[in-house]
Amino acid sequence: MELEYESKRPLYIPYAGPILLEFPLLNKGSAFTEEERNHFNLQGLLPDAVETIEEQAERAYRQYQDFKNDSDKHIYLRNIQDTNETLFYRLLDSHLSEMMPIIYTPTVGEACEHFSDIYRRARGLFISYPNRDRIDDMLQNATKQNVKVIVVTDGERILGLGDQGIGGMGIPIGKLSLYTACGGISPAYTLPVVLDVGTNNPQRLNDPLYMGWRHPRISGDEYHAFVEEFIQAVKRRWPNVLLQFEDFAQNNATPLLNRYRDEICCFNDDIQGTAAVTLGSLIAASRAAGSQLRDQTVTFLGAGSAGCGIAEQIIAQMKSEGLSEDEARARVFMVDRFGLLTDKLPNLLDFQSKLVQKSENLTAWQTQSDAISLLDVVRNAKPTILIGVSGQPGLFTEELIREMHKHCPRPIVMPLSNPTSRVEARPEDIINWTEGAALVATGSPFAPVHYKEQQIPIAQCNNSYIFPGIGLGVLASGATRVTDAMLMAASRALAECSPLATDGHGALLPDIDDIQGVSKCIAMEVGKAAQLQGMAVVTSEEALSKAIEHNFWRPQYRSYKRTSF
């Protein structure tokens with residue numbers, strides 16, 4: 001096989017001695033052979049034994065198990081990543097379902113809050129506003145030259161934790177770890193970036209150890225000019241890169257996506273990735289119930305950019321199943337802190353305005369006040385699907401869920417807020433309140449629920465089912481943009497991988513340990529959609545499949561040969 005040949009072919013490198021051991025992408029530690037130790041001036045710098053990567057991974061896993069709390073485990077794994085990336089990904093490869101909650105949600109949230117306290121070693125780029133005239137130089141300073149995927153944040157809306165300043169860097173680092181572990185994208189091609197535009201978090205500003213720019217956040221024209229400078233510099237340095245916007249605040253997320261999605265190959269995972277994985281889950285859940293999404297009525301708690309992004313994808317799918325635009329929009333109800341979005345509410349954001357319900361259609365509703373509450377919507381609209389993206393814990397109350405179950409024998413309830421401390425309701429409660437009838441998917445990981453004689457698996461509606469496959473599909477196909485059709489293709493591919501939808505039993509979403517296969521399936525459909533839309537060169541399916549395999553990196557050591565600079 002071509003990949004086997006690639007892994008056996010030697011890599012020619014100019015580094016030697018302690019410098020080589022300090023290079024995470026190239027360091028093998030105790031796995032350097034005797035020949036390599038001689039050629040690269042490593043004799044005496046390592047213990048005598050020459051180990052395999054399997055032996056190294058076994059030792060690392062034993063050390064990992066010695067840590068009792070998740071935060072310490074996260075720090076330990078990050079240390080391995082900053083020391084020997086190949087070993088880090090071999091360890092993840094062997095224990096992905098166990099370690100994913102440690103390297104990403106929910107543990108990464110705590111790591112972001114304490115970023116300056118637990119900081120060990122530089123990774124990625126920190127681009128601060130005071131240095132805005134030197135962005136080109138900063139990109140040249142990146143240790144990776146052939147960058148193909150960037151995840152960038154400004155740290156303002158980190159999970160459900162709000163403004164963390166440069167602490168938000170934990171999210172791009174974690175996200176790119178999953179691009180590699182789940183989607184096979186070589187870590188040599190990835191770059192995490194934080195745009196340090198200050199912070200409005202008084203805890204960070206008053207923390208003597210805070211490592212970011214100690215200044216209130218810039219906003220308005222200054223902010224957008226800074227982002228523009230960054231984007232143009234990226235285009236000059238890596239014109240074909242895939243750029244993922246991550247954890248930008250609501251007032252910036254959608255405008256930035258709309259501004260740049262037709263200029264560069266980019267997407268916003270909070271808006272589009274969340275929408276894609278949720279839509280894929282809902283298509284699968286509808287199939288499992290013997291229906292289509294067009295037959296469902298959907299209520300959202302949370303009408304921010306993420307919730308509205310999901311709603312628009314649901315509407316697009318309903319239209320593809322035969323509903324008109326008006327019919328589809330009439331089936332989607334958006335509730336925020338001021339109640340149901342209607343055409344009488346003032347000061348709606350642009351992306352919210354298309355998702356309002358017409359007041360004339362609500363005249364027969366029985367409500368408690370002029371502001372139509374979530375409970376009012378459940379009583380009157382009688383939804384079959386309830387989705388939480390509010391970031392506020394406990395808002396899916398027992399009264400609410402029982403009311404929903406009165407008119408819906410098999411309610412689909414998705415409390416998607418992250419981290420776990422922000423979830424709208426716990427799966428165990430939802431299942432108990434519906435006498436075991438509810439189909440539950442969450443944003444953070446939860447253990448299976450024991451109900452009577454059943455063990456009910458809880459699907460984690462995690463973006464990691466989607467974005468690694470999108471990234472792999474973009475790289476393999478050479479796509480120049482990420483379009484709505486490509487995202488829709490990703491959702492449908494995920495639905496095809498659902499055990500519950502295909503077999504009639506099991507979990508709603510595939511096991512996390514099967515996610516590499518899922519990513520390849522998604523990559524194929526994303527690549528085909530890119531070709532159909534003229535965003536990639538048209539090839540045969542066989543050629544696209546080979547390109548996906550060729551781009552799928554595996555954590556194996558290659559032999560090294562020495563060369564000069």
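Glycine is treated like the rest: Cβ placed from N, Cα and C.
Quantities reported herein were computed from a predicted structural model and do not represent experimental measurements.
Residues or ranges marked as active site, proton donor in Swiss-Prot (evidence: sequence analysis): TYR104. The local packing around TYR104 (active site, proton donor), expressed as other Cβ atoms within 10 Å of its Cβ over all shown chains, amounts to 26. The DSSP secondary structure for TYR104 (active site, proton donor) is coil.
Within the same chain, residues at least 6 positions away in sequence whose Cβ sits under 8 Å from that of LYS175 (active site, proton acceptor) are TYR104, VAL151, PRO192, GLN244, GLU246, ASP269, PHE467. In this structure, LYS175 (active site, proton acceptor) is part of a helix by DSSP. According to Swiss-Prot, the feature active site, proton acceptor maps to LYS175, an assignment based on sequence analysis.
As annotated by Swiss-Prot, NAD(+) binding site applies to ARG157, ASP270, ASN418. Summarising the environment of ARG157 (NAD(+) binding site), the number of other Cβ atoms within 10 Å of its Cβ, over all protein chains shown, is 25.
The DSSP secondary structure for ASP247 (divalent metal cation binding site) is coil. The divalent metal cation binding site feature in Swiss-Prot is assigned to GLU246, ASP247, ASP270; the stated evidence is sequence analysis.
ASP270 (NAD(+) binding site) counts 26 other C-beta atoms within 10 Å of its own C-beta, drawing on all protein chains shown. Sequence annotations record features per position, and here Swiss-Prot assigns site 'Important for activity' to ASP270.
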If you measure between the CA atoms of ARG157 (NAD(+) binding site) and ASP247 (divalent metal cation binding site) and round to the nearest Å, you get 5
Got a sec? Which of these binding-site residues, GLU246, ASP247, has the most Cβ atoms within 10 Å? GLU246
Is ASP270 (NAD(+) binding site) helix, strand or coil when read with DSSP? helix
Would you count the other C-beta atoms found within 10 angstroms of the C-beta of ASN418 (NAD(+) binding site) for me? 24
Taking only the CA atoms, the spacing between ASN418 (NAD(+) binding site) and ASP247 (divalent metal cation binding site), expressed in whole angstrom, is 12
